[in-house]
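TrEMBL has this to say about the protein:
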DOMAIN    B:127-420  domain 'NADH:quinone oxidoreductase/Mrp antiporter transmembrane'
TRANSMEM  B:6-24  transmembrane segment
TRANSMEM  B:31-51  transmembrane segment
TRANSMEM  B:71-97  transmembrane segment
TRANSMEM  B:109-127  transmembrane segment
TRANSMEM  B:133-151  transmembrane segment
TRANSMEM  B:163-184  transmembrane segment
TRANSMEM  B:204-229  transmembrane segment
TRANSMEM  B:241-265  transmembrane segment
TRANSMEM  B:271-292  transmembrane segment
TRANSMEM  B:369-394  transmembrane segment
TRANSMEM  B:406-428  transmembrane segment
TRANSMEM  B:448-466  transmembrane segment
């Protein structure tokens with residue numbers, strides 16, 4: 001998280017949102033349609049995340065340092081009919097999962113990132129590499145000449161695994177949210193936020209580990225004793241990398257890095273999901289398009305009905321999904337902000353309240369250029 | 001057989017006018033118009049199969065004496081010059097009817113007028129009697145005037161009146177030339193074929209041709225007689241613009257070939273360098289004016305002026321190849337401008353504006369008009385002469401044919417073609433690329449009904465671009481016949497597939513002095 005200079009609170013452009021959070025409300029306004037949209041989109045997101053998470057974990061375990069991983073999206077089930085379906089693009093866009101993984105890996109941050117630079121990791125990676133390339137003088141020589149190359153690939157594999165484990169939990173949270181909505185237990189946006197928060201808290205200390213099996217022997221890359229946990233080592237870096245920072249590729253605009261159109265400091269990046277412009281979605285090469293394409297297959301009927309009622313009906317379905325998805329991501333962010341707050345946000349203790357305010361202002365400074373106002377319009 | 005093109009639309013118009021006004025089914029006039037439009041197009045296709053392109057004589061002729069003491073008869077005939085244009089007329093009429101607003105006000109009058117317009121144009125293309133041509137040439141002004149004046153935009157009265165004044169003047173000049181020809185030649189008839197054989201002094205020919213030319217150049221239109229066209233296009237509704245650009249302007253260029261070249265050949269050769277120069281000026285003027293426009297429809301309208309100038313350039317070169325090129329350019333322009341006007345119409349219908357400074361990012365795949373935008377890109381590529389599309393073949397033929405005779409004028413026209421890419425890319429870049437503006441992010445749906453006519457036109461543009469001989473074969477024999485002697489024609493008739501080369505070779509020999517005239 002980045003600390004930016006605090007503005008005078010009364011003049012803060014997002015003071016309404018600070019007060020809203022303090023009242024226990026969410027960044028997204030509460031309305032029956034918003035609840036329906038958010039739950040519906042999170043249901044389809046849950047289905048897609050389940051597939052992403054399985055594939056990421058499969059890749060990290062079974063495609064470990066495969067130089068040409070032609071079949072990494074097949075989850076081990078390679079058959080002519082699968083291949084035909086793949087070429088016909090009757091499949092999930094697993095590339096999007098890798099895109100998010102790369103964003104996390106690139107931005108780094110947190111104990112996972114730090115651990116991957118320690119001598120302990122190097123030693124464990126070295127052992128795994130030795131086992132992986134036993135009897136392959138070419139790769140062993142290559143490893144000697146470029147000693148940073150293969151360990152870096154192991155780091156990437158570690159991120160595959162970490163994001164896979166994170167999304168495993170998130171997928172279950174979202175599917176359960178949808179089930180509870182169907183049963184009438186979720187009726188307001190704060191209920192949605194609370195459900196996500198409960199899920200995050202319940203699994204906060206779930207260990208994040210990673211080991212690979214090479215020739216029948218297990219090689220730990222992130223053993224339990226490193227002490228990495230779900231919330232601080234995957235959820236927080238994920239929110240930071242994917243929701244906030246992202247990569248400078250928003251679609252119809254091209255940036256010129258040489259002309260300093262991109263901030264020199266990676267921490268100042270604001271190209272993440274909370275800032276994304278939904279309008280170019282559907283254009284070739286616009287990354288969120290892949291996710292929206294995946295989600296469109298699993299939309300519940302009630303969400304289709306909402307989209308059908310718009311002027312263009314479902315002609316602009318991907319953009320509508322993206323706009324709805326952005327609403328849901330502000331709910332997830334609300335849960336994260338609430339969960340990470342130094343004190344309960346509805347505290348009456350003045351000192352705790354002041355600390356919370358400082359904490360919230362720091363967040364809100366980052367939201368000034370985000371889509372938070374657009375989603376509430 | 002040919003009278004069907006005149007009588008069927010009239011019959012359709014009468015039937016439409018008989019639909020009770022109180023009928024709750026407002027679609028009935030449209031259905032009748034579509035039915036008649038379809039039957040006429042089908043009739044045209046059947047006729048095309050029976051047409052023999054190797055013959056130089058008029059085919060399917062119909063002759064009914066009318067006002068014999070005046071030498072005015074109902075005489076129709078079809079040759080390779082009129083058949084493609086007749087087809088273009090039937091085809092675009094059907095497209096125009098289909099793409100008309102389903103909920104248009106006063107549908108009975110509207111569709112009846114469109115069918116009458118089709119009658120007028122078809123009659124002019126088929127007429128083998130000068131007065132009959134004039135009659136139809138004037139007849140089509142009336143429905144078009146009403147179509148602009150009633151269903152046009154904000155300044156429709158002004159635009160329609162301007163159109164009426166210009167084209168009526170055009171008609172008077174054409175009539176004067178025809179009357180003069182008959183008067184000075186001492187002929188007893190207005191029949192076309194006998195008048196071709198008449199010999200009148202060059203001085204008189206020049207005067208007569210000058211009158212005819214001014215009349216026809218207004219219709220095409222060529223700079224400086226063009227000012228009615230952008231106004232008419234901007235105010236006319238989309239289907240009317242399609243007909244205006246696609247077919248109506250062709251009456252002028254058809255007149256150039258049929259009567260300018262056909263009746264006053266000697267004078268034509270004398271004036272040709274001046275005509276080629278005028279064509280070059282008009283091509284450049286149209287292109288530069290198009291660059292300056294902010295209204296998409298005006299860009300296409302000025303581009304029409306530039307592209308019709310190529311027909312004049314080819315006609316002034318008047319070799320068989322050049323005349324075939326002129327024919328091809330007419331068809332090519334008819335298809336491309338119809339497509340562009342249709343697409344601009346869809347953009348206007350969906351966004352409510354044609355201002356290139358307001359529109360932006362319409363190629364957005366989800367919220368914009370991606371298919372319309374893609375077709376527009378195809379259309380402007382065809383217009384700019386990108387290979388693989390009909391525009392390339394047409395312009396290549398025109399420049400290839402005109403260059404040996406008028407190299408300087410041709411080079412200037414080539415610059416005009418280059419400028420086509422400039423003004424159209426400026427328009428495409430502003431309107432279709434970039435981020436869709438917020439005000440346009442809630443555009444209504446585009447249904448397939450809006451896309452189908454444009455897709456059909458685009459298919460023709462590509463198919464004729466890849467297989468130009470399917471079009472050229474209809475007119476090359478008659479284009480040759482227009483400018484070469486009967487003795488050569490017998491050779492051509494024996495080897496119709498070599499008509500162009502034979503004709504070019506001979507006309508070069510016959511007219512050696514022309515290359516030195518410019």
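Just so you know, glycine gets a Cβ as well, placed from its N, Cα and C.
From a predicted model like this one, the values you see are computed outputs, not experimental measurements.
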Based on Cβ pairs under 8 Å, which of the stretches B:6-24, B:163-184, B:204-229, B:241-265, B:369-394 lies most in contact with the transmembrane segment (B:71-97)?
B:241-265
Does the chain bring the transmembrane segment (B:133-151) near the transmembrane segment (B:448-466), so that three or more CB pairs sit under 8 Å (pairs 6 or more apart in sequence)?
no
Can you say which of B:6-24, B:163-184, B:241-265, B:271-292, B:406-428 has the most Cβ pairs under 8 Å with the transmembrane segment (B:109-127)?
B:6-24
Could you check whether the transmembrane segment (B:163-184) packs against the transmembrane segment (B:31-51) - three or more CB pairs closer than 8 Å, residues at least 6 apart in sequence?
no
Result, the transmembrane segment (B:271-292) in contact with the transmembrane segment (B:241-265) (3+ CB pairs under 8 Å):
no
What residues in the same chain, six or more past the boundaries of the transmembrane segment (B:406-428), come closer than 8 Å to it by Cβ-Cβ distance?
272-273, 276-277, 279-281, 283-284, 286-288, 290-291, 293, 296, 299, 302-303, 306-307, 309-310, 313, 316-317, 356, 376-377, 380, 383-385, 395, 398-399, 518
Chain residues outside the transmembrane segment (B:271-292) and at least six past its termini with a C-beta under 8 angstroms from it:
206, 209-210, 213, 217, 222-223, 226, 298-299, 302-310, 312-313, 315-318, 402, 405-406, 408-410, 412-413, 415-417, 419-420, 422-423, 426, 514, 517-518
